[in-house]
Ligand code: GLN
């Protein structure tokens, strides 16, 4: 997906300014945040970029943690004060969607990095585990259990040096697998994918997130 030039200068959707709740806050300190904003626009869902702690106001009901570089995002989360805001949001059981680096930020433990960020998702994740040759690839797979209301068939998966799910604890469930390996996890109102649903033009996973 090519992100329209208009997103370079947009800080929020047109309807977000007057909204008192129901707005999705998209972490925008680094990474692929504009692509998530474009998907939410397609769905007519209000959004606001989170660049500073003040951006996290009472209108924010849900949060997206985009792909990018988790180490950089982690540092900027702390220096902006957004870490505390988003951490409190997650601890209150409110919806959060982490894609790629966002999954790393959510994981309880990283197996090749001493850092832990939100530590909310019951899984061990390895950064950059899809090596240089296999760093980026596309596939399709189903999301969720056949027969469940949240089931999504043939979802397109785009991986860009995505994290590898090493193990999944009892609190989290595996929603999508590729070659028998977990690439999407869910834990209550936490959704995390090793792939980039915002890059395919398929809005179904974002619709599911908005329904959580
Ligand atoms: N390599 C990134 C990291 O470790 C994740 C890759 C991505 O978000 N596309 O943060």
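Just so it is clear, glycine is given a Cβ too, placed from its N, Cα and C backbone atoms.
Per TrEMBL, these features apply:
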BINDING   68, 69, 70, 127, 160, 161  L-glutamine binding site
ACT_SITE  100  active site, nucleophile
ACT_SITE  196  active site, charge relay system
ACT_SITE  198  active site, charge relay system
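Features as recorded by TrEMBL, highlighted on the structure.
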residue : record                           : CB count, 10 Å
68      : L-glutamine binding site         : 23
69      : L-glutamine binding site         : 16
70      : L-glutamine binding site         : 29
100     : active site, nucleophile         : 29
127     : L-glutamine binding site         : 20
160     : L-glutamine binding site         : 17
161     : L-glutamine binding site         : 17
196     : active site, charge relay system : 24
198     : active site, charge relay system : 30
Cα distance (Å, whole number) from residue 196 (active site, charge relay system) to residue 161 (L-glutamine binding site): 10
Pairwise CA distance, residue 127 (L-glutamine binding site) versus residue 196 (active site, charge relay system), rounded so that it is a whole Å: 15
Output field, L-glutamine shell: CB within 8 Å of site CB centroid, site 68, 69, 70, 127, 160, 161 dropped: 31, 67, 100, 101, 104, 128, 162, 163
Alpha-carbon spacing, residue 196 (active site, charge relay system) to residue 70 (L-glutamine binding site), which is rounded to whole Å: 14
Rounded to the nearest Å - Cα separation of residue 198 (active site, charge relay system) and residue 70 (L-glutamine binding site): 17
Where residue 160 (L-glutamine binding site) falls in three-state DSSP terms: strand
Cα-to-Cα gap, residue 70 (L-glutamine binding site) vs the residue listed as 'active site, nucleophile', nearest whole Å: 9
Mapped DSSP class for residue 196 (active site, charge relay system), helix or strand or coil: coil
Rounded inter-Cα distance in Å - residue 68 (L-glutamine binding site), the residue listed as 'active site, nucleophile': 7
Residue 70 (L-glutamine binding site) - helix vs strand vs coil (DSSP): helix
For L-glutamine, whose listed binding residues are 68, 69, 70, 127, 160, 161, the greatest C-alpha pairwise distance in Å: 13
